[in-house]
Amino acid sequence: MSKTLFDKIWDTHVIAGQVGEPQLLYVDLHLIHEVTSPQPFDGLRSMHRRLRRPDLTFATMDHNVPTKDIFNVQDEMSRLQMETLERNCKEFDVPLASIGDDQQGIVHVVGPERGLTQPAKVIVCGDSHTATHGAFGTIAFGIGTSEVEHVMATQTIWQVKPKTMGIKITGKLPANTYAKDIIMGIIAQYGVSFGTGYAIEFYGEAVENLSMEARLTMCNMSIEAGSKTGMVRPDQTTFDYIKGREFAPKDFAAAQKYWESFYTDDESAFDENLTFDVSDLKPMITWGTNPGMAMAVNQLTPAVKDANDQAAYDYIGLHPGMKAEEIPLDYLFIGSCTNSRYEDLEIAAQMMKGKHLAPNITAWIVPGSRAIRNKAIKTGIAKIFEDAGCEWREPGCSACLAMNPDKIPAGMHAASTSNRNFIGRQGAGSRTHLASPAMVAAAGIAGHFVDITLLDTEEGESK
Ligand SMILES: CC(C)[C@H](C(=O)O)[C@@H](O)C(=O)O
Ligand code: SF4
């Protein structure tokens, strides 16, 4: 019987149990951050347990980090969570990238960056965007707080095997469209819950041509389609990315040989199959309050279909029949585990080079890690942003969820490269419009969304 990439990795990790029932899986890597770890650590302490594999556990601080003045944590709850992580990591011997450290950053950015994320692993984290790591051909999913404690104590987790879904992505991406537009386009077409109960594998010509950064963006938003896991078959792009990184395998050739044995035998192995063609893909933006409420930049905001649409329009202050350029914008946020990697910043900077933000726009550029920040300073990208009038920040989750001082004020509209446009997500009353880094950067210059596929890149002017 043919098997999927997911099946093959799953099978190499099952310790106990039968398909259809909870099965005990071995966990290769447990990533933790300050928000979902305090209770599990308390649990270990109260049961007088040790953390079983501190060497397979990595911690970073991200959600609460103030990105303007990183050591000045004003909020009591934020400070408590961060100090608690610091103390717990010391007590349980877990390596921690603390605030200001060279390895610090958003958990889903630093895992790949350090070479911890590798093909054929099972990776978990108390965070729903753990799906991001699946870009390496790994089973990666978010877990709840009690599960975090279970993994800490045993390095294993009970899971019921999900069904598998293959999404074949065909065609050639048009200029100025990106992985963000692909995943937003898929969610706009199929909805925010079509992936529930499935592990998704993205494959096909268009996926093979994507960089690791782009694959990470796509897998990151699998959870916005309802799937806990999104993955891509590991290939040469994957191996080249890992090679030479801090935690890359010492015997790389042997590791690569092993990784190469993980792929989906044929399409019939999937429980469900979908296709998505990108040949005519347009840049996507959201108009509503979930990632499925999205439209192509050249479309009009849609008619009201149901009460949810009406509630979304009421909250966001738009109405049907509006052009993308008519959506008012006040802020722009380039950051988050979806789109804060070096390549994302480079693309955004290209849009802003030699230009200045429109007067109505406040812009926050928040690199996903200190390594990215340092690189961008070195290569001059940071300077492009600063010259354009953007605020160039320290690494963290920032305005993606506003668990820190980076909050979009009530009633204000933000063009954002993050993954969730839920009510209040970027601050109470904030209004979020998701898009790719290139779209968000171009909107900053124009003062409103523009169709960047119509831009003359030489001139930077609209045709
Ligand atoms: C705080 C954390 C648990 C949460 C998540 O699970 O994803 C956050 O990262 C988010 O993006 O909403
Ligand atoms: S950047 Fe946003 S989505 Fe990613 S882990 Fe942080 S809060 Fe969650």
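Cβ coordinates are placed from backbone N, Cα and C, and glycine is handled just like the others.
Just one of Cys337, Cys390 is listed by TrEMBL for the same [4Fe-4S] cluster site as Cys397, Cys400, and that one is Cys337.
Around Cys337 ([4Fe-4S] cluster binding site), the same-chain residues at least 6 positions away in sequence with a Cβ under 8 Å from its Cβ are Ile106, Val107, His108, Val109, His129, Thr132, Asn220, Gly368, Cys397, Cys400, Asn419. Using a 10 Å Cβ-Cβ cutoff, Cys400 ([4Fe-4S] cluster binding site) registers 29 neighbours.
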